[in-house]
Amino acid sequence: MSKIIDITGREILDSRGNPTVEADVVLEGGVRGRAAVPSGASTGTREAVELRDEDSSRYGGQGVLKAVGHINGDIRQRLVGQEAEAQESIDQAMLDLDGTSSKRRLGANAILAVSLAVARAAALAAEKPLYRYLSADERFQMPVPMMNIINGGAHADNNVDLQEFMIVPVGAGSIAEAVRYGAEVFHALKKVLRGRGLGTGVGDEGGFAPDLSSNVAAIEAILEAITQAGFEPGRDISLALDTASSEFYQDGRYVLASEGKTLDKEEFTGVLASWVEQYPILSVEDGMAEDDWEGWALLTQRLGQRVQLVGDDLFVTNTAILKEGINRGIANSILIKVNQIGTLTETLAAIRMAHEAGYTAVISHRSGETEDTTIADLAVATQSGQIKTGSLSRTDRVAKYNQLLRIEAELGDKAHYPGRQAFTHP
């Protein structure tokens, strides 16, 4: 066992140039674990609270010195002397110290930075890579990536309503091959867009962010790129969507501004169903708004036996909300974002609950990221089988792919890439 002897928090920048929290945890013997937390752009209303300074004289009010102060003060005082291997006890101590259901006193960003740094330090002390330290056994499954190569919605300054248009290398035989598939399609898509006189600047998650005539135009551009790169849509590479529907849900209706359409839940479900019928789409995330549970029930009834329906804003990595969704038969998958809930222990509990209920769990980044690669190790350790970590562009995204490549190389023939079988309805 290794006791914590010091904890330090600091303010650093994320990939959007906004402040975020980083923490170092030092153990006896000098081992140091470090973790940095991400931040989202389109956020669920029930996410754990990210504490910001609201001081307009610094970073437009987005500073995180209050959260850092809690790490260097109350949290440090409470945890120094604790055993780093006692992750659940440490996380519970921080929850008790915070004393709120939303983590609004200390800030989920402060709590999470320390929670993840403790795990990293404990793994180093055990002389294990993080994915092995977090794993319940010696079975390791590499995640199939959903690669966001066209960004819209809150992730880009363009006219596209839907937030993410993703490629999924289901026909690859390894993560190395999947990354190659993705990179080749990414470069082919750049040529397709440029050939149409469209912009090739990238959005928050590294995907292209052109103005397009419709949401379907994004799908069709990607299909053309897949073909031009030498792959077969649906066999080698499938598609996934994150509609982020809460972002355009207004007064009980879905407003697709780029297409001049305002749809009720039945009509929007019909639109999604028509896309699933017409294109090789195997996963739809946040197909309905987080508060539209009637819409979710309708969507699940209509498409739940055909494609993966992922709840992100719907479930916010929260076991209480996920349990309600499971009991009501809503969706069939959960997106896992560590900063939505705020501790490693609660994150692992959400993954376990999903798997026990027959739901898939997709480990995910946020639009505001750092060089931290924890989610890559987490995806392998929990055998979740799927990961979302952006496009094949921007170091904050590529860092996670590179970590997966390292893990796969280290595991050798123990690394299993599930391909299409990772999805609810392959």
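Keep in mind that glycine also has a Cβ here, set from the backbone N, Cα and C atoms.
Here the Cβ of E205 (active site, proton donor) has 32 other Cβ atoms within 10 Å, regardless of which shown protein chain they belong to. Positions annotated as active site, proton donor by Swiss-Prot, on the basis of sequence analysis: E205.
What Swiss-Prot lists as active site, proton acceptor is K337, and the listing cites sequence analysis. Following the DSSP three-state reduction, the secondary structure of K337 (active site, proton acceptor) is coil. In the shown protein chains, 25 other C-beta atoms lie within 10 A of the C-beta of K337 (active site, proton acceptor).
Within 10 Å of the C-beta atom of K388 ((2R)-2-phosphoglycerate binding site) sit 29 other C-beta atoms, taking all shown protein chains into account. Positions annotated as (2R)-2-phosphoglycerate binding site by Swiss-Prot, on the basis of sequence analysis: Q163, K337, R366, S367, K388.
Residues or ranges marked as Mg(2+) binding site by Swiss-Prot: D242, E285, D312. Within the same chain, the residues at least 6 positions away from D242 (Mg(2+) binding site) whose Cβ sits under 8 Å from its Cβ are N148, L162, Q163, E164, M166, V284, E285, D286, V310, D312, listed in sequence order.
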| message | Applying a 10 Å Cβ distance cut-off over all chains shown, what neighbour count does R366 ((2R)-2-phosphoglycerate binding site) have? | response | 27
| So which other residues, same chain and not among D242, E285, D312, have a Cβ within 8 Å of the centroid of the Cβ atoms at the Mg(2+) site? | Q163, E164, L241, T243, A244, V284, D286, V310, D313, L335, K388
| request: Rounding to the nearest whole angstrom, report the longest C-alpha distance spanning Q163, K337, R366, S367, K388, listed for (2R)-2-phosphoglycerate. | output: 17
| request: Quick one: of Q163, S367, which of the binding-site residues has the smallest count of other CB atoms within 10 A? | output: S367
